[in-house]
Amino acid sequence: METFSLTGLSEEEVRKRRELYGPNRLPLVRGRSPLRIFLEQFRSLFIYALLIAGGVSYFLGKILDAVVIWAVVVINALIGFLQELKAERTLAGLQEYLSPRATVIREGIRREIPAEEVVPGDLLVLRAGMKVPADARLLEARNLTVDESALTGESFPQEKSPGDLPEDLPLAERRNMVFSGTLVVSGEGTALVTAIGAQTEFGRLAHMMGEIRIPKTPLMQRLEVFTRWISLAILGLTGLTFGVGYWRGFGMEESFMAAVALAVSAIPEGLPVILTVALAMGVKRMARQKAIIRYLPAVETLGSTTIIFTDKTGTLTENRLRVEVLVDPEGRVYSAKEAAGIPSLRPLLRAIAWVLEGGHPVDRALEELVASPADGRILDRVPFDSSRKYAAFLVEEDRKRRLLLKGAPEIVLDRCEGKEPLMEQLSDLARQGLRLLALASMETDASGISGDLPTGGFRPLGLVGFRDPPRKEAGPAVRTCLAAGIRVKMITGDHPLTAETIARAVGLSGPAVPGREIEEASPERILQWLSETDVVARATPRTKLKLIEVFKARGEIVAMTGDGVNDAPALKAAHIGVAMGSGTEVAKEAADMVLLDDNFATLVGAVKEGRTVFDNLRKTLLFIFPTNGGEGLILLGSLLAASVLPVLPLHILWINLVTTVALAVTLAFEPAERDLMSRPPRPGKAPLLDRGLLLQIGVVSVIMALVAWGGFILWKNHGGLAQARALTVNLLVFMEAFYLLNTRFLSASALSLRRLWTGNPALIPGLLTVVVLQLLFTYLPPLRRIFGVEPLPVKAWGLILAGGLLLFLAVEAKKFLRRVAGS
């Protein structure tokens, strides 16, 4: 690109390039309007079924019921609307992340301009504290370090210097380039702009995010299939009921009302409310563990996770450099904890007290080794420079002067005599993934440091090995995942040796696969690699996206962690994106969940909560459908027998309201079952209810219908129609109350008083509420007039309780037989 290296572009050339390349900003992505996104939430059979339920309630004159059902529809739509709207917010966040101002040299004059006006070929002036406004190649650099963690995932500021490098290097290794949106930490420099706007690495991220569509959660996919079948079944049964009634001699109006009553009984209008409560309880429990869920459906998705792609820095590690080992001049290696008591390390520790420069992570780690400040004075110093790779200090202590050298081992030791023991340790320590620093000393009479340092004559003081250590909780959390059938893969921008060392420390295995090879490989090859290793190093945003696409295509439920702007496309594309609390706002906007403590163990705890939510949802379905089924069978049986209806549509609405509000909701508070994290993940296409649970729903529906029907016939002959209907409603409600105790445990026995009445704080209040509501229904005159029932004598309650106990014991017998068959 033609430009003048010292004077920059002319104003005429700037004008031409602005016309050619446009402004330096991310292009606006034209997405769906908020109104369209909201309306699309209503395209679901489940929503249609609820709208019908609301319409039926309105037709029956129950305006309040209709309003409640329609409100549920709107709330359900809002949840989906907010989830999809986050894409637009994320893209807006990317734009805000870029620098608003830039300093350039044009026609030999340094000037500050809006970053939008930067053009390719401009000369950028870089200095500490500024955001880089465009991608640029360095022409000059003085002690220049840049924080690229948001873009590359590298843990610490990267040293930059001009020079020629191969074009196909990963971003993290392009030391001669600076990138838009990154932050200059120290030093200064001049760079030639090579790309602006959409052509920058940031622009490519924005394009990737614009291409990604948020996937439907596994729960939403299962619910769509489930409600499709339920809706078709309700439609068929409603038509059958109308036909049977008409055939059995009922009039058109009576048959129609019976069909309407069956529709009201069969539609699970309370399901969205229960689902929302279950998800909200999961959100509340996760928040206590420092995991913030941003969108409710993400709670259950966590429980479906089959593979977690996790970052290294700050998630599996502490995101803080610590001194791990020190090596004395004889090559003996000691841990940092024992260093203070080792005589051969004392010269090294005294030197460390002199060479602290502050601010850099390395110096902050070295500070922990210093028991007391150096006793003396610094006469002169040469700060660390990325091109020299060392810092020098002339110090005076006890009237003796020494020249201390701190820097890269290959540079410092090259000037030392007697370095062989340390050189033998270098390769071994490097293979362990340690970052190494060497220190050396030379006695001198000089009064200052001038020119180049001596090329020899230094005495080695030793080596210091640093590491960002793994979190204590990381290893056990990884083992918990593996026991639960969830694979964990570490995806990092760090060096392969560093990645492999941390992986081994937390229980992951295998050699690191380079990110570039992942990007170029076929899906089959990627799947083979990641069946043999748990580590991908030097990963880029494209690496992460490729991995997500490959594993999603295989039917996996993918969770991805990240904290930088570079992670946003992957966080958005994954089934569950998990951002770090210390991460960028762009990453948080793209994610479904934020870990406030940046801890992998917190993510594993959230997976457990997600599984608990799904278990509780299945328990809820197992609970509410026998009520609907029993009511439907009673109505259909009445028509076949040409008998008066045992329950009216109004009674059915009451039963459904009581069992949903007072009983079904309590299942959302159920704690995790003991074997929860020893089960494998649910298959991606597994139904909400398996054959065994569907059989249980069918059996319970039949028992409830037979008991309620028998009670109605018996009491109709004994106490009249109004009392018989009161008995039937109470039988159905109290059988559901007993059945609630069964459904608290999907397979385990409920025949344990301690287990039966503990663990769920909402259980006893829910049961007491049912007792109070049914007493009011049966004996309060205003309610009796509304529902057309008469009060029951005491002996009727014996029949009601016997019916509930019969159902409870029948279900426990069925669970026992299933356990025996399973073993």
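Residue 1 is the first one shown; counting continues down the chain.
Each residue, glycine too, has its Cβ placed from N, Cα and C.
TrEMBL annotations:
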DOMAIN    2-62  domain 'Cation-transporting P-type ATPase N-terminal'
TRANSMEM  42-61  transmembrane segment
TRANSMEM  67-85  transmembrane segment
TRANSMEM  229-250  transmembrane segment
TRANSMEM  256-280  transmembrane segment
TRANSMEM  621-645  transmembrane segment
TRANSMEM  651-672  transmembrane segment
TRANSMEM  693-715  transmembrane segment
TRANSMEM  721-741  transmembrane segment
TRANSMEM  762-780  transmembrane segment
TRANSMEM  792-811  transmembrane segment
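Across the domain 'Cation-transporting P-type ATPase N-terminal' (2-62), the prediction's mean pLDDT works out to 73.
Contact counts against the transmembrane segment (762-780), taken as Cβ pairs under 8 Å, peak for 651-672 among the stretches 621-645, 651-672, 693-715, 721-741, 792-811. Per-stretch counts of Cβ pairs under 8 Å to the transmembrane segment (693-715) identify 621-645 as the leading one among 621-645, 651-672, 792-811. Non-local neighbours of the transmembrane segment (721-741) in the same chain are 623, 626-627, 630-631, 634, 644, 646-648, 651, 654-655, 658-659, 663-664, 666-667, 700, 703-704, 707-708, 711-713, 715, 750, 756, 763, 766-767, 770, 774, 777-778, 787-792, 796-797, 799-801, 803-805, 807-808, 811; each lies 6+ residues outside the stretch with a CB under 8 Å from one of its CB atoms. Ranked by Cβ pairs under 8 Å to the transmembrane segment (229-250), the stretches 621-645, 651-672, 792-811 are led by 621-645.
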